[in-house]
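First up is the structure itself, then whatever we jot down about it.
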Amino acid sequence: MAPLVWMLGENGEEKSFENPNELLPLSRLEEIGVLYWHLDPKKSESEEELTKIRRERGYSYFDLTEICPDKLENYEEKLKSFYCEHIHADEEIRYCLEGSGYFDVRDKDDKWIRIWIKEGDMIILPAGIYHRFIVDSNNYIKLMRLFIGEPVWTAYNRPQEDHPVRQEYVKNVKGDTGFALAAH
């Protein structure tokens, strides 16, 4: 089962838009370096697959976070922060254990693509990609956050065109080098 992926409207402000006009193929995510897996968090075979992914990609640390009004301190403030367009200097790796939400990412033409992740979906956003996150109408998601080494979650709000990680990302997306992709 793959996540639903679609283009947002011109203004890109459809925070809870759940009815895409036209779904996009996952290859649109691959073009911009976004990786995807689907695992079943309730099956032990998925634990083995997760361990393999962690080992191959060097993810040595993880934690769990629940994003909902009852579990996240300063919930509304945090949602505003997550929804502000930003980049990170490292990959953003998220495995959805329960619930659902939206990651919005910019495509090659700076237009928004919405990714609706649900239980079992694992995505990796490449370092330097402009993105944001918002919960869907269920208002709940439990995520495993994975990191290489000590966790660092520093958001650099747009504009960041001069940030070295952003420049490297743009070179990979628009240039001939591309991304080394390996996902299911």
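Each Cβ is built from the backbone N, Cα and C atoms, and glycine gets one as well.
According to TrEMBL, the Fe(2+) binding site annotation covers His86, His88, Glu92, His131. Counted within 10 Å of its Cβ, the other Cβ atoms near Glu92 (Fe(2+) binding site) come to 22, all protein chains included.
What TrEMBL records for His86, His88, Glu92, His131 is Ni(2+) binding site. Within the same chain, the residues at least 6 positions away from His88 (Fe(2+) binding site) whose Cβ sits under 8 Å from its Cβ are Leu125, Ala127, Gly128, Trp153, Thr154, Ala155, Tyr156, Val165, listed in sequence order. According to DSSP, His88 (Fe(2+) binding site) sits in a coil region rather than a helix or strand.
Cβ contacts within 10 Å of His131 (Fe(2+) binding site), excluding its own Cβ and spanning all protein chains shown: 22.
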